[in-house]
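Colleague: Would you mind keeping the following structure in view while I ask a few things?
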Amino acid sequence: MEKQLHLNLLASRPPMAGGFQSGSKMKMGPGRKKDFSPLPWSHYFETMEDVEVENENGKDIFRIYCSGSHGPVLLLLHGGGHSALSWAVFTAVICSRINCRVVAMDLRAHGDTKVKNPDDLSADTMAKDIGKVVEVLYGDNPPPIMIIGHSMGGAIAVHTATANHVPSLLGLCVIDVVEGTAMDALNSMQNFLRSRPKTFKSLENAIEWSVKSGQIRNIESARVSMGGQVKKCEESTSSPGVSKSIGEGIIEEEEDEEGEEESNKKRMKEDDQEIKKESIFTWRVELSKTEKYWDGWFRGLSALFLTCSVPKLLLLAGVDRLDKDLTIGQMQGKFQMQVLPQCGHAVHEDAPEKVADALATFMVRHKFTEFKEGFLC
C-alpha cells in the first residue's frame, strides 16, 4: 500500500496501530484536546512575494516564500497537490542549523501561483518554470543553488537539473520519490484519490483529517501546510435550480411591494448561501485530472538522477523504495542515501528536524556552507 504514496497523492486510509482513532479524544496533556487551528506562514518564513515571469501568453505569477540573507540558496519544490507551505517547519529548522537562504516556491497550478495555462503540468514546462523564476530573482549571476524536491517536486528537480535550467546548481536532494515504485503505483492512483474526502466543513477540519489519516504526521506542519492544499469552495452548496427558481419567482411578481419583499428574501438567501460557501473547503488541485502527466514525471527518473553531475542526496522513508538502477548506483557511490524510518511519505513534514540534519550534514561535508556558530551537530 505504500507504493501509492510516491506521487504525493495521498488518500484517506484507516489509522495505523498506535495512531489516532477517529472516535477517540485526542489530547495534549491532561484534559487538553489537540489544536487543529491554522498557523500563518509568517511564523516560519521571513518574506512572501509574487514573482512575475514573462511568456508568450502574457505573465505568469509564482508565489514564493523566503528566509535567510546569505549563504547558498535552497530552492524547495513541493509534491503534487501540496504547496510551498509544506516546507514551513523544515525552513525554520534548517535556517537554525546552517548559513543558507531558502526559497520555497508554489509550482504552477498549485498554492497561490497563477499561470495562464494551469492545465500544462508537463515535466518540461514545470522545469522551465524553475529556471525562469531563478532568472527573474537573480539575473545573469545567480548564487550557488541546491534544489530540494519532494515526490513530484523531486522529479521536477531532476528534470530541471538535467536540462541545465539552473546553471549555478550546487547539488540535488530528492525526497521519497523513486521511479520503480512510483510507476507501479500509477494504475491504482485514481482509486486512492476517489477515496479522499471531497470537501471539508472548515480548514480546521481539513487539518484534523490530514493528521488522523496519516497524510501528515506532524500536527504543527499540518496546521501551516494544509492551507496550501485546500481552498474555500467557489460554488454555493445550494443547487443552481434553487437559485433559479427564486429568480423566476421575482420576475413573475407584478406588484412593487411584493416584488421588494421577494427581493429582500432573495438577498437574505444569497447571504445565507455566501456563509455556507465560506465554510466549505475543497482541494486546490484536482489531482485526478493531472493523470496524463504522471508518466512523464517519473519514467526514466532513476537514470536521469544518476546522470546529474552535481553531488546528490536521496532521502527515503523506507529502503524498500529503491529500484534496481538506484540500488546499483548507490553501491557504486554515485549518490548519498539516507533512510528516515517511522515517517510517512511527507518525510520533510513528518520529521523536519531529521531531514534538516541530514541535509545540513551533507552540505557541510561538501563544503557548500558551514554550521551556524553555536550550533552543535
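Using N, Cα and C of the backbone, Cβ positions are placed for all residues, glycine too.
Quick paste from TrEMBL:
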DOMAIN    74-358  domain 'AB hydrolase-1'
ACT_SITE  Ser151  active site
ACT_SITE  Asp176  active site
REGION    228-271  region 'Disordered'
COMPBIAS  250-261  compositional bias 'Acidic residues'
COMPBIAS  262-271  compositional bias 'Basic and acidic residues'
ACT_SITE  His345  active site
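If you look at the structure here, what lies around each of the features I listed?
Modeller: Take the CB of Ser151 (active site) and look out to 10 A: across all protein chains shown you find 31 other CB atoms.
Counting every protein chain shown, the Cβ of Asp176 (active site) has 26 other Cβ atoms within 10 Å.
A sphere of 10 angstroms centred on the C-beta of His345 (active site) encloses 27 other C-beta atoms.
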